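If you check TrEMBL, you get these features:
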- 27-151: domain 'Response regulatory' (DOMAIN)
- 164-209: domain 'PAS' (DOMAIN)
- 296-542: domain 'Histidine kinase' (DOMAIN)
- 82: 4-aspartylphosphate (MOD_RES)
């Protein structure tokens, strides 16, 4: 008849050599000042396997060598600890050393004493973090094994729980979101590495703090968070904004009540990229709206505008003394054409007509710019050395009439930082030239008289190779702009300049050229008092249009 042994420990046959294949032994520390206790304990327990693993005994006979042993073997599962050794309190002090000094909460401590009257069981259990208490007289062979088995089962459960906790911590730490565990008071009881990075605090500094104290971006939502913690309801807030250097980060906030204990999990998911994409979509929709409007009204505006422009130009020509026909007709009516010129000049009629021509020409230019939104560019792109294009465009800019006569531009330091390893880029040269000219002119105009004292105007044009694209950046050290203006700066007809100083279409046209005609992106980064950077990203490979 075959019997099945389900015992958690196996007694080795004294006549048979036991083969322990690769099993890691349980470490059991024996700390006692009586050598006979060590001998008997080892003789009994080393012959057994408990929970599938052999036992390795390690000995210490007093306080000093016990502390060394405990420090060298923090992975010991059980400590069989005598109370009275060097002094009557040696064992109890070693308990404190294990739990507090070594911060070892896993080791199972079995207190053994031959003088129970000195250290009563109830008082010792209350005052000291031990796991079992036995008198040496009651600790027979059978009781020793049951005690050891119980301690090892506890240790095994604790180590498994610790592994699970570490795994959960690793999983949460690897998440891209910010995780906080809060109690009902809003105090942090746990947080992941992303939360530490955002707060700038250590784990010890963060734990115990109010969430809105550790993360000031939550201050504006403190009332909603406190209410959700009390009611146990889910709280969601979208687009929580915080400043990071010269830029901004956006988060979606979610607070979920815990199901197994009082408190909640607070999650901050970064959505900065999503916000930027949304801004680009909104901007593109505005561009399409302007394009539709331009296509619908262009001919209606152009016809009367052309009549005004041509009429004013013809009037100037037919009043001028340069044309022989004008002199002949004037003579037939006995009009002195030179006297007429003096009259027109005195009454500023010629000046008024010049203004009409200039204004009509400017309006025609605006209509032509608007029309660019309504028709897809048919220009052919070619692989271009962007660095060469930047340098030739900057030379062209320095010859611009308006800029040449600008005191600010004359004082501006125009720098370049061009990546020598830049690959060829598929683009339409004249369009990218127009974009760069617009960006540099905007930077010059932004300086005005607002440049902080002690700063010389500096504009830096740089290129950089990135993954699958190249970046063209125009940066200045000007006054920058507040967020409410930055968000609108790409809108058609939006301008911060005085009336007559700008159409509000320069950046809008640039945005359209980059996003629509070159499948790229244009982003304006700015903060008031800290300058502005415009980043243009151009793909190295265009999708078929």
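Yeah, the Cβs are placed from backbone N, Cα and C, and that goes for glycine too.
The Cβ of the residue listed as '4-aspartylphosphate' has 31, 32, 33, 34, 37, 90, 91, 112, 113, 114 as same-chain neighbours under 8 Å, each 6 or more residues away in sequence. Mean pLDDT for the domain 'Response regulatory' (27-151) in this predicted model: 90. Per DSSP, the secondary structure of the domain 'Response regulatory' (27-151) breaks down as 51 helix, 31 strand, 43 coil. For the domain 'PAS' (164-209), DSSP puts the residue distribution at 22 helix, 10 strand, 14 coil.
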